[in-house]
Structures are given as C-alpha cells and as structure tokens.
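Pulled these features from TrEMBL for this protein:
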TRANSMEM  A:9-31  transmembrane segment
TRANSMEM  A:46-65  transmembrane segment
TRANSMEM  A:70-89  transmembrane segment
TRANSMEM  A:101-121  transmembrane segment
TRANSMEM  A:128-147  transmembrane segment
TRANSMEM  A:167-186  transmembrane segment
TRANSMEM  A:198-216  transmembrane segment
COILED    A:472-499  coiled coil
DOMAIN    A:513-566  domain 'PAS'
DOMAIN    A:691-743  domain 'PAC'
DOMAIN    A:744-814  domain 'PAS'
DOMAIN    A:878-1092  domain 'Histidine kinase'
Amino acid sequence: MVNALKRPAFWYCLTLALAISLGSVGLIILIDFGISGPEGVGRLSLRPGGGLIALTLCAAFLALLLRYRWLATGLGFGLIALASLLTLAPRLPESDWLDIAALNPLLLLVILLISLSGLAAMHLSRGWFVGLVCGPMVFGLGLVSLLSHWYPGLSALGLGNLTEATLVLSPLVMLAGLILPFLYSIYHSEVQFYSKGLLVLGILGILITTLSWHALRLQSGERLIERAESLASQLEASADSAFGVKLALIRRLAERWELLDGVPSQSFWEQEVSSYLRDFPDLRLITILNRDHSPVRTESRTLDYRGWLEIFLSDQRNRDWLNHTIEARSAHLSAPLVDNQDRYHAAIAVPITPGPGYSWSVLAVVDLQTVYEKLTAYYDGNLHVKVYHQNQKVFDTAPDITGEQESMLASQRITPHHDSERRIEVYTRRGSLPPGELYLPPAVLFTGLGLSFLVMLSHFFWRQSEQRTRSLAELNEVLNQHLEEERELRTTNETLSRERDQFFALSPDMFCIVDLNSHFFELNETFVHTLGYTRDQLLGSSYMKLVHAEDHEKTIRAVQSLTEGHEVKDLLIRVLDCDGNPHWLQINAILSADDLIYVVARDTTDQLAIEEKLRENEALLKLAERLAQLGGWVVDLSTGKSVWSDAVCDIHELPRGQAPDVEDAINFYVDEHREQIRAAVLLCAETGIPFDEELQIRTAKGNLRWVRAIGHAVQDDEGKVVKLQGAFQDITASHQAMEQIRRYAERQAIIFESITDAFYTVDNDWRFTYVNRKSEELLRKNRDDLLGHNLWEVFPDTIGTELDDQYRYAMETGNSVSFEFYYPPLNEWLEVSAYPSDEGLAVYYRSIWERKEAQQKLEAAMAELERSNRELQDFAFVASHDLQEPLRKIQAFSDRLMTKSDQFGPSEQDYLKRMQSAAGRMQQLIEDLLSYSRVTTRAKPMALCHTDDVLTGVLQDLDTAITHEQARIKVQPLPDLVGDATQLRQVFQNLLSNAIKFHAPDTPPEISVYAENVSDSGWTLVVQDQGIGFDPRYTQKLFHPFQRLHSRDGYAGTGIGMAIVKKILDRHGAEITVVSAPGEGTTFRIRFTSSPAQEQSKDE
Amino acid sequence: MNKPVKPALVVVADDDPDDCLMIREAFEDQCADCTLCFVHDGEELMDFLHGQHPDREGQTCPVPDLLLLDLNMPLKDGRQSLQEIKSDPRLQVLPTVIMTTSSDQDDRDFCQQRGANDYIVKPRKYSDLLDVVESLTKQWINKEHD
C-alpha cells in the first residue's frame, strides 16, 4: 500500500512544486512589472506576458491537483486562449503596445500541449495516453530551448524571447514534460495526497527561493547598469582627452609654422606631416588652407581623403565654419561628416597667420571611428556603445544589433565647445547578461525549487508514516478486539460443552450412545446407577446382554426402524439390572449421521407399580362406597345413557346394574323436590354450573329417603358439556339428626329473641353469626345487614376503642369481660358483657343511657357548685382586702382627730372613741374574714409534718397568754401527719388559744393534748380543757364564721377561729367533733385518716 | 427631735391623695427641713429619677435622699419601679423604702429579694406614722451626722 503510494506521491509533489514555482515566478514578474514599469531593472529579460501565463498555469495545475475539475478545465481552456492571444495579437499590425507581453510561438505550442494533457487527464478515460504523447514532446522542446543558449544554431528554437527567459523557462517546461504522463494517475489516484501542510511548505520554500532568485536578478541588473555608467564616463573622458590631444597637436603644428614665417617648404611639410600621420593613425589628412580655403599643402593617408577634402571644401557650411574658426582665432572641431563609405570624420581647424595679412588655417581630418575603436577596444563585449556627435551617430560597437534587441543602460552627454556636442550611450543586448550573472539566479532558483520539492516530499512521507502509525494503531486495536472476541467465544464454547456434559451427567433420564453393532459407546451416570453396573462393565459391551430375552425381538426391530430413518419413540422394553431384576424402560432413540444411536431412556418400573397401586385403591373405593352408601353416576348427554354405581342402585332400591335415564331418575324425587332437581340438572347441563342438593326421593319400593345429589359437568376441549357426573348419598340418618338439631336451635333462638338484653354472637373471624331482635333495635340495623358480615366492617367506628381492646382481650385470653361503653354514632351508653368460646364471642349488652345521663347531670351540678364556691371565696378575699383600705383611712384620720381632741367637748371625744372602736372591730372582722378565705387561697401543698414540732411552736407563740392566764398544758407525744404545716399550726393555735381564753375567771386553765386510737388508718387528736364549756345545742354554730357562743365583753374575738379550724380540717380530710357542756369544759376530737397517698408521703 | 443639717429631698411615690396628705403632715411635724416631692405613678417616678419632671421642665432634678414607694399604683406599679431602680447601676444606691397597705408576706419577700431597703406597712394611726417618719429620718437622712 505504502510502496504503491511512493510513485504517485513523488509526481504529485513534483507537480505541486512546479505549480507553485510557476505561480511564484509569474507573480514576481508581474509585481516587478507593476512596480518598476517597462524600463525596470528586473524587466531586463522577463516580460509580463510570460508572468501571466505562468500564473494561469499555476492556477490550472493547483485546481487539477485539488481536483476542482471544472475550475481546472476552465483554466486549461483559458490558458490556451490567453497564450494564443499573447502570441498572435502582437503580430497583428497596430498592436505595438502588446509587444511587451508578446509570447514566443513555440511557447504557445508548449502551453497547448500541456493544456491538452491536463484536460485529457481529467476528462478522457484514456487521458494518460495524451499525457504520454505530449510529455516527451514538451520535454524535448524544453531541452532544445535550453541547448539553444549554447548552440547558436538552435537559437531560433529558444522558448523565451530573451536568453534569460529561455534559461528560466526551459527547465520548467522540461519539468512539465516529465510530469505530463503522470497527470492522469495523479488526478485519478484514490489517495488524497493533498494536505495543507504540504501546500504551505511548498509555497513557503518556493516563495523564498523565488524571492532570492529575483533579488539576485535585480542585483545583477544593477551591477550591469553600474558598469555601463562607468564605461560611458570612461569613454567620455578618453574621447575628450583624445580630441584635446589632437587639437593641441594641430595647434602646435600651426603655431610652429607661423613662427617659421608661413608655409613650410614642401619637403619639410611632407616630412613633418608624414610623421604625424604615422604616429596618429586616426589622423587621415592634414592640409593648410589659404584665406580662400584652398589647400596650399596637403598630405593624406590615402588619396581618398583628397577627394573627401574637396567635397568638404565645396560645402559652404564648412567654409563658413572655417571662416568662423579664423575669426575666432582658436582651434575648432567640426561636426561629424559622413563620407560615401558611411565613415564618420571630424575636422580640426586651427587658424594660422603666416605673415601679416594672411588668414590661413591648418585643417586636419580625424577618423572618428578609429578614435572610438581604439578607446573601446578593451571593454567587454556584453555592453556596446554608441557615440553621437551633434546627434549624429558616429560610432557603434554593435551596429548589427537593432534597437529592439537592446536596452540602454547609460547615456553621457558632453558639450566641450559651444558648437560641438557629443553623446555616449551604453547598451546591452536584451536578455544577454554576462554568463556569471546569467546562470547564477536560475541556478539559485532551480536549486531552491529542488530543495523545496524534497522538503515537500519528505513532509508527505512523514505524514504518510504518521498516518501509517495511526492506522497501525487502529489495526492493532481491531486485532486485539478480534482476539478478545475469540477468547470470549472460546470461553463460551467451553462453558457450553461443560454445561452439556453436566446436563448429560446430571440428567435424571438415562442417556446412552450405542453403535449399530449394539455396543455401548457412552453412558451417563443415571444409566449406570439405575442398572447398578459399573461404567467400565458396560462401555464397549453389547447392550443385548442387558435386554430381557422376551424383548430381544422388539429391540432388533427398533434398531431396524432406526436404520430406515425413523425415530423410535416411547418404546417399552425390559432391561436387567446387575441383580437380574427387570426394569421397564421407556426409550426414545435417534440415529445420528455418524451412525451412532442416541438413546434416552426412562425407568418406568416405579410408574407401573403406581398403576398397580391405583387398581388396588379402586377396589378399596368400592368398598367405601358400599359402606358409606355413597355412589357415583354418569350421564352421557350425547346418548342420554346413564351409568349408576351399585351404591346408587342400592339407594334407589333398584337391582344393581340398572341405570334409568335422566327423566326416570328425576321422577324418583318427591313432588316438592322434583322441579328443583330438574332445574339444577338442566342448569348444569347447559352452563356447567355444578349442583349439590339435599332432597327426598321415594325409592322403587316406596320408602322415603333423604339423599344428597352432587353433580358437575364434564366439558370437551371446546368447552361444551358432554357428560354429567356426580355422587349420590343416602343421608336419611344424618338428615334426621340435623332436623333434631335444627329444632333445638329454633328453641334456643326463641329464647334469645325473647330476652330483654340485646345479644349477638360473632365467629372467630368476627363475622356475625347470630343477632337477636333487641340487638336490631339497639344497633338500629337489620339482622340481614349484620349476619355474615364482619363486626369491624359494619361498625368501623369501634376500631381502636375500648370495645376493640376488650373484645380482643377476651378472644385472646378466653376470659369474659364486662365494661361500659359509649358509642357516639348511636349516642348510646352500653353495658357490655362478652363471653368468648371456641366458636367466637357471645355478647350481651344493654343500654344504660338513663343511668349515665343522671350521673352526668350530677357531675355537672357538682362542678357548678364547686365553681360558685370558688367564686364566693374569691369574692370574700377580694372584698375583705379592698375594704381594709378605706377603713384604714377612717382609722388614720380619726386618730389624727384624736391628737387634736383637746379642741372637742367630752361628748365629741366619746363619739370619736366609739367610732375608733367600731373601726377597730371592723378591721378585726375583715382580717378574720381574710384569714378564713386564706385557708383556700393561700393553701400550700400537703407534706409530712412533725406534729410535735408544730405544737411546740404554737406553745411558744402562746407563751405570753399562758403565763398571763397561768395555764397548765399537758402535752403527750403525737404521731406525725400529712398536711399543710402552716394551717395545722393555725388549728393548734386557735384550739389552744380558745382553751386558754375560755376559762372561769378564778380558775386557771388546765389543758391536755394527746392522741387517741392510733392505728395505720389514722389517729385522733384530742384537745381537752376544763373551761367554761358551752351548751351542746350550739355545737353546729360553733364552726360557722362570726358565730360567738360567749359575749364580747367577757371574751374577746370575732368568732372566726373555729370556722377556720373547721375549714382547714375539711381541707385535710379530717373530722372534728366537740363534746361540751356549760361549766364542764370542752373536748375537741380531730380524726386524721391516712389515705394511701398520705401513707406514701410518710414513707418518703 | 433631730433637725437635718441641710435640706434633704424625699420622693414619695403614692397615688393615694389621703396617704400623701398624711405623709406630708407627718414629715412637717417630724422633719420640717425635708423637701418632699410627690409623684403619682411609676412612670412619673422613673422620669423624675432620670432627671425629668413634668412640673419642672428643663430643670435637672436633684438626687433624692430617700424614696418612699407604694406598691399599688396606676400605670407602672411599685414592684416594676423597684425592679428598675435596683437594676440601674446609677439608681441602685438610692435608699428605697416600700410603704404600702399590703401586709402580704409574698409582697414582703418580693421586695426584699429585689433589694428594697425597708418594708413598712402603712400605719393605721397617725402617731405610728410619726414614729415611722422619725425612724426613717434617723436612718436615711441624718445618719451621716449620727
């Protein structure tokens, strides 16, 4: 692949290089032309016509290489047209302006050939042939053109108009010739050679090369001009000096003769002038002219000049010039004078005065050509010189070269004298640079092109190798993938074969492979196991040894049928195991293509045993049938025939073996059941719905019997009922028992219906099994809506209620439960008793709505009472508190008045005192009231109190009073109790202060405090005094607020103390009783009971 | 009878005109050089203590030597006022004596906890009030000279 690429790639790169070179050269020519104009240095040898062609050719090649087919085609035709135009048009008259772009006709031929090859390569199927023909031709033309430079004989065959053009053009044309035969293959190659890198590289290299070439050319041109200019100025200087020398020579001659008094003698003249003529070859003639301008003495190199002199002198212009010379009295050089041989001469005239009055002159003729030939003899031939005197060309080193072929490089103008003017022009032949300068730029150009081409080629191959590396990598990857796939495939294969082996080994069926010679070839484990042989015993041995002798024939026939191409299916033969027992094998076998028989066998010995068992069972069934008086029957609907088992016949009291048809069978049923069975049978026959009826028949012998008739349909594949079959049982005995049970149940139901409690039962799945009438009323549901339905579905509101919990508790534990239950949906309070049993739950319940209602009303009244009491207490507290304020003011201001009592009379003072006293009492009342209400408002939590400590504290407080009244108080240790210590203290305080207070005036109080009836349930505090006592009639009054039993005069107090005591003790749940009689003292008993909560507090 | 060496300022916060009258008379009898200033609720009291007095606009109120504070007042009551005074670093040094009708133990405890300097139940007798004023004067106004 890569080798096949090499050649086209080479040509492709070459073509690309050529195209770029052409483009580059053409571009540079045109740009140079544009910048420098037609006279530019760079244009010395290359013309814009060629540039244009080169550019177009470049474009055409590029288009072809890039496969822009139609662009390339267009450019090809355009190229032909352009070349033709540029070749032919300048040759038409009046088209001089096109000369500058004119093409060599040979070049037109080349262009034609190239274009044709290109077009053919693109458009003709055998285009390569055209290329093959044109290529050598073009190459040949190029070669000849190149050689024409060295072989002047071939000069007409140069492709360029100019030498340099030929030198640049020819190799390019040869290159094109080389390429042409391959254009076809390049164009049609399937490989994409083009790459941007290649193009850029080519353009870069070739552009640099071309620019260098151009720069060299410019440099050469400039050097040439420089040389030409120096040549011109040198020539000028030489010519000037040459003429100066001549003039000085002739003047000296003339002066000497003047000194020698005029005309020299003939001999002297001859001698002297001859030496002049000899020494100065450019001098042709020297003569002395008298004032009439007639020669007095004449000496010439050849006689011809004598004639020249005559002609010269005969011309009036020359005579005038001579007169002018004499008048000016200085030496003069005349304008060039052409002779009949087209040679240019100039005359030098010097006036002399040989004697007074004489105005003679010496005239010398200078051959100008000789002068300039001498001067230019040593200059190189590349340049040629033209000399003009008075605008007349007097000298030309290359007279045969016409103006068209030469370019002027330098021009020097001198005006040595007012009437003489010289101009020296230096030319070069167009396109003919000196060899060194001619070869160097093309050499650089083509070396550069070659290098660029090599770079492009190497770039191309570098890219190829990159691509190849890439493709190799891809290939590698693909290979790896294939390898991987193959590995997987192999693994899969191995797995499959392993699985097959496993399948073979593990199959419960017996597998074996035998050959046609009845030898075992392969066996599986099951086979070996079933028959009990070892594998080695069987392998290779004949299977006929195993086959039961009676089945040999069958086996041989089966093998025969296999060889005839049939399969063997379900062949039953007996095979002997190692112990000689026969096994029934069911065999399937096929013959494989390699003449092996693949056998699958199943040991059906056990199956056959099962069938045997079935037959035994059938006999047992018949026995059972007889015993259970249960029989079977079948009716074939298509034939109408019936088959009755013996039992069925027995039940009907028909002879065994009889089977009446369906209608007769139905007629055995009693009248009231006949239609029922008929309908059931018809329905079953039509739709396949089975029936199960308990009905009464009258037997053939006229006995009534209850029977259970069961029937179902047998359907064929299409679902059509083809048979009815069923069972038939005499249930007379059980029916009678059932009847009995039913009667009991009815009786029970009547009882349940009649009881006043509601009653229902649910089964273990919570389905109602019985609901009595009262239940219906209470639950407001019909019995039918309940029976068979789930309790929780019918009454979903009860889920999660106490009812739910209780029922489930009863069901789970088997304990009966009783509870009260409010059921909001019915707005009903129920008292429920549920008794669980094995069958479910029996529930008795009744409405307790009235009772509950009464209870609720009571509770509401209590709550109301409580509230009003609390309000009252609050009022008492607030009122007493707020009443204090104005009272205090009254007291304060009356007190203020008292301080000023000296201003009042005695009665006013008395009033004031009474007012103060009343206010003080009111204050006491209010304070008492506050204390009383504080029993509840300032109540503190109950806590364990040490009663002794409380009592001790109170006695200390009362110390003053005790001392004052000389009271004796006996205290016994008291049990602790749970209560509000502050309030208990108040109780003691009030009781004791009363006891101290209320005593007979002359008897000191005697008080004892002790505990009675101390037990776990509580104790009794006793406070006993020997005081004045009171009438027991007022006992109840004692505990009411502000009730006094004694006068205020005798005993201070507002009568609140005992009320407070009572209130506090009420709060403590204690009971106070009092026993008293006037003059016999008083005994208070307070019974503290310890509630469980109190006990607990004690423990803590 | 001690006479204050220089006029002392006593602020009485009480809304009850009768009590105010009584207190004024008691101070006149007992401590004639004391200047009494009455405010009628907690707001007014706090304004006064913070240097503003509705009757003396623009004037800086002098720092009182003693504050008699009633607990039950309209708007901001005595309990709140006490709390504010005793939590204000500038005012907490001000001797604050609670003078109230309430003899409730809860009120006593509350005031003690909040830093009241004394707790006096308004006496029912003028003579008792005179005693109270005397002891107050002794304790809080003339103590530097005792």
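Note that Cβ sites are derived from N, Cα and C of the backbone, with glycine treated the same way.
Predicted, not measured: the structure shown is a model, and the values here were computed from it.
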Of the stretches A:9-31, A:46-65, A:70-89, A:128-147, A:198-216, which racks up the most C-beta pairs under 8 Å with the transmembrane segment (A:167-186)?
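The stretch I would name here is A:128-147.
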Counting only residues 6 or more past its boundaries, what in the same chain has a CB within less than 8 Å of a CB in the transmembrane segment (A:46-65)?
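Sequence-distant neighbours of the transmembrane segment (A:46-65): 12, 15-16, 18-30, 32-33, 71-72, 75-76, 78-79, 82-83, 86, 100-103, 107, 111, 114-115, 118, 121-122, 160-162, 164-165, 168-169, 183, 186-187, 193-194.
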Looking at the stretches A:70-89, A:101-121, A:128-147, A:198-216, which one shares the most CB pairs under 8 Å with the transmembrane segment (A:9-31)?
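Counting Cβ pairs under 8 Å, the winner is A:198-216.
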Averaged over the domain 'PAS' (A:513-566), what pLDDT does the prediction give?
84
Please give the sequence-distant neighbours of the transmembrane segment (A:101-121): residues at least 6 beyond its ends with Cβ less than 8 Å from one of its Cβ atoms.
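Residues 47-50, 52-53, 57, 60-61, 64, 72-73, 76-77, 79-80, 83-84, 86-87, 89-91, 127-131, 134-135, 137-138, 141-142, 145, 157-161, 169, 173, 176, 180, 183-184, 186-188 contact the transmembrane segment (A:101-121) from elsewhere in the chain.
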